[in-house]
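Right, one structure below, let's go through it.
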Amino acid sequence: PSTNVGRARGPPDGGWGWVVVFGAFVSIGFAYAFPKGLAIFFKEIQDFFDTSSGEIAWVSSIMLATTYGAGPISSVLVNRYGSRPVVMFGGLLCGIGMVSAAFCNSILQLYICVGFITGLGLALNLQPSVIIIGKYFLKRRPIANGLAMAGSPVMLCTLAPLNQFLFDNFGWRGSFLILGAILLNCCVAGALFRPIGADTASVKKQVAEKGKDALKEVTEDAVEMSSPTTVPMEKKAGEEEGKDCCEKINQYLDFSLFKHRGFLIYLIGNVLMFLGFFAPIVFLAPYAKHIGIDEYSAAFLLSILAIVDMIARPATGIIANSKWVRPRIQYFFSFSIAFNGTCHLLCPLASGYTGLVIYSGFFGLAFGMVCAMLFETLMDLVGAVRFTSAVGLVTIAECCTILLGPPIGGTLIDTFGDYKYMFIKCGVVMVLAGTFLFIMNYYNYRTLAKEKKERKAKEEDLKSVRTENEGRNNWNKEITQDGPELEPLREEKEERKKEMNGT
C-alpha cells in the first residue's frame, strides 16, 4: 500500500475507497444472498432426506444465525489483524464448508457443514466489509453503504437462476461443489481491502512496547530493593494485569454501549424485526412451487425481488444522505420496517403468479430500504469510533431471533398446511418492530433535545457565576490598589490615638 493512504489524517471519501466498496459489494453480497439462494435446493433436499419443512429450514436458519452470532468474533479479529486477512480467511472457510456439504449423508451433517462452517466464513466476510467502509468514508458514507449493500440483490439475482441451472445439470451435490469454488472469490475481494492508518497503528505499537519496557525496568528496580517492598509491588502488578485484561476486553467489545439509550432502542427493535425478516425469502420459492408454479418461474421471483432490491439500496442511500432525511434517519428506518411488514400481510391476497410478481417487487423495495440503512442508522447512533463494537454486540443479540425465525415459519406451514400463516406472522412482527422503533426514537429525540437545553442552561448559569466572581475579584483588587493612597490618613489617626492616650 502507498504511504499516502497510511498517513491519511481522516477518511479520504473517495480514491481507493471506491475499490474497497467494490470488494465490500462482493463479500457483503455473498454474505447476505447465499443463504437465501440455497432455498432453491430445499424442496429437493427435503425429499432426498425425507424431512419436514421446519427441519430443512434449519439449514438457512443456522447459517444466518452463525453469520450474525459470530459478529463479536469477527469484530475482535478485525481489531487485532485488520479487515483484509479476516475476509480472506472467511472466504476460505466458505469454500471448505460447501465442498464438505457435497459429501453429506444426513441433514445433521448439512447443519454442520452448510450451517456452521459456511456461516462462520460468511460472518468473517460481513463484519469487516461494513467496518472498513466506515474508515474510508464519512461525508459520502450513506452512498458508499448503499452501493456496498447492493451486492446482496445483485448476487441473489444471479444465484437464483444459477442454482436452478446447476441443480438441473449437476444435482444438489455437484452444485454445492461448484458453489464452494465460487465462494473462494471472497478471498479476492478481501485482498482489495487496503489497510488505512497503518503508520499510526505502528506508532501505537512502538509506544506500547516502550511502555512495557519501562514497566519492566521499574519492577526490576523494585525487586532489587529490600524485601518488604516486593509484596506490595507484586499486588500492584497483579492489579495492573487485571486492569489490562478488562481494558483489552472493553477495547474489542465496548460493553458500556448497553448504557447508551439510542443503542438499546435500536437493539430491541432489530431483535424483534429479525424474527420475521428472513423467513419470507426462504419460503418464497417453495410457496410458488406449492401453488403449482414451475421451478424456473419460482426461481425468477427471487430474481425480481433482487432486481428491485438492487435499485432500492443505492437510491435509499442517496435519499438518506440528503439534508432533509439524514438528521432524522431513524424515522425513515422505522417506516421501512413497517412497510416491509405490510407487504407480508398483503401477500396471502396474491393468488396467482401475477400477484406473486407484484408482491416480489414491493418486497424487494422494502427489503432494500431496510438493508441500506441497517448499519448506517447504527453508526448514526453510536459514532464511527464505537461502531465496531456495536456491530459485534448487535449481531450476537440478533442471532437468536434469526435462528428461530425460519423454523417457526416452517412449523406453521407444517401445522396448518398453508403458507399464508407464515406470511401473516412475519408481517405482524415487522409492523410491531417498526412501530416500536418510531415511537421510541421520537422519545429519544425529545429527551436528547431536553438534555441539550438543560446543558445550555447549566452552562449559562456557570458563565453568570464566573462573571460575578470575576467582578468581585476586580472590586477587591481595586480596594487593595487604593490602599497606598490612603496610608497618610491612617498614620494621622494612629498619631491622634497615641496623643489621646498620653493625655
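From the backbone N, Cα and C atoms, a Cβ is placed for every residue, glycine too.
If you look up TrEMBL, you'll see 455-471 (among others) marked as compositional bias 'Basic and acidic residues'.
Annotation comment: TrEMBL describes 487-503 (among others) as compositional bias 'Basic and acidic residues'.
Annotated domain 'Major facilitator superfamily (MFS) profile' per TrEMBL: 17-445, in sequence order.
Positions annotated as region 'Disordered' by TrEMBL: 455-503.
The transmembrane segment feature in TrEMBL is assigned to 15-34 (among others). Long-range Cβ contacts of the transmembrane segment (15-34) within its own chain (Cβ-Cβ under 8 Å, at least 6 residues beyond either end) map to 5, 63, 67, 87, 90-91, 94, 118, 122-123, 125-126, 128-130, 132-133, 136-137, 144, 147-156, 159, 179, 183, 185-186, 188-194, 306, 371.
Here the transmembrane segment (86-103) has Cβ contacts under 8 Å with residues 23, 27, 30, 34, 74, 77-78, 109-110, 113-114, 116-125, 127-129, 173-174, 176-177, 179-181, 183-191, 193 of the same chain, all six or more residues outside its ends. What TrEMBL lists as transmembrane segment is 86-103 (among others).
Sequence-remote contacts of a segment are chain residues at least 6 beyond its ends whose Cβ falls under 8 Å from one of its Cβ atoms, and for the transmembrane segment (109-131) they are 23-24, 27-28, 30-32, 34-35, 38, 45, 58-59, 61-71, 73-75, 77-78, 83-84, 86-87, 89-98, 100-101, 145, 148, 176, 183, 186, 189-190, 193, 375, 387-388, 391-392, 395. For 109-131 (among others), the entry in TrEMBL reads transmembrane segment.
Panel annotation: around the transmembrane segment (143-162), residues 17, 21, 24-34, 36-37, 40, 129-130, 133, 136-137, 285, 296, 299-300, 302-303, 305-310, 312-318, 320-321, 364, 368, 371-372, 374-376 of the same chain, lying at least six beyond its termini, place a Cβ under 8 Å from a Cβ of the stretch. The transmembrane segment annotation in TrEMBL covers 143-162 (among others).
Here TrEMBL flags 174-196 (among others) as transmembrane segment. Remote same-chain residues near the transmembrane segment (174-196) are listed as 1, 5-6, 8, 11-12, 16, 19-20, 22-24, 26-27, 30, 34, 41, 82-88, 90-92, 94-99, 101-102, 114, 118, 121, 125, 128-129, 132, 135-136, 163, 166-167 (criterion: CB distance under 8 Å, separation of at least six residues from the stretch ends).
Taken from TrEMBL, the feature transmembrane segment applies to 263-284 (among others).
Residues 33, 36-37, 39-40, 142-147, 149-150, 152-157, 160-161, 163-164, 281, 284-286, 288-289, 325, 332, 336, 353, 356-357, 360-361, 363-365, 367-369, 371-373, 376 of the same chain lie 6+ residues outside the transmembrane segment (296-319) yet bring a C-beta within less than 8 angstroms of a C-beta in it. Here TrEMBL flags 296-319 (among others) as transmembrane segment.
TrEMBL lists 331-351 (among others) with the feature transmembrane segment.
For the transmembrane segment (357-375), same-chain residues at least 6 beyond its ends with a Cβ under 8 Å from one of its own Cβ atoms are 32, 130, 145-146, 149, 152-153, 270, 273, 277, 280-281, 284, 301-302, 304-314, 316-317, 320, 329, 332-333, 336-337, 339-340, 342-344, 346-347, 350, 391. Taken from TrEMBL, the feature transmembrane segment covers 357-375 (among others).
For the transmembrane segment (387-409), the residues of the chain that approach it from at least six positions outside its boundaries are 54, 57-58, 60-62, 64-76, 78-79, 123, 127, 130-131, 134, 252-255, 257-258, 263, 266-267, 270-272, 274-280, 282-283, 375, 378-379, 381, 422, 425-426, judged by C-beta separation under 8 angstroms. Summarising the annotation, TrEMBL assigns transmembrane segment to 387-409 (among others).
Residues or ranges marked as transmembrane segment in TrEMBL: 421-443 (among others).
Per-residue confidence over the domain 'Major facilitator superfamily (MFS) profile' (17-445) averages 80 (mean pLDDT, predicted model). With helix defined as DSSP H, G or I and strand as E or B, the compositional bias 'Basic and acidic residues' (455-471) counts 17 helix, 0 strand, 0 coil. Counting same-chain residues at least six beyond the ends of the transmembrane segment (263-284), those with a Cβ under 8 angstroms from any Cβ of the stretch are 35-36, 39, 42, 53, 57, 60-61, 64, 68, 257, 298, 301-302, 305, 334, 337, 340-341, 344, 347, 356, 360, 363, 367, 370, 374, 377-378, 381-382, 390, 393-394, 397-398, 400-402, 404-406, 408-410, 413, 419, 422-423, 425-430, 432-434, 436-437, 440-441, 444.
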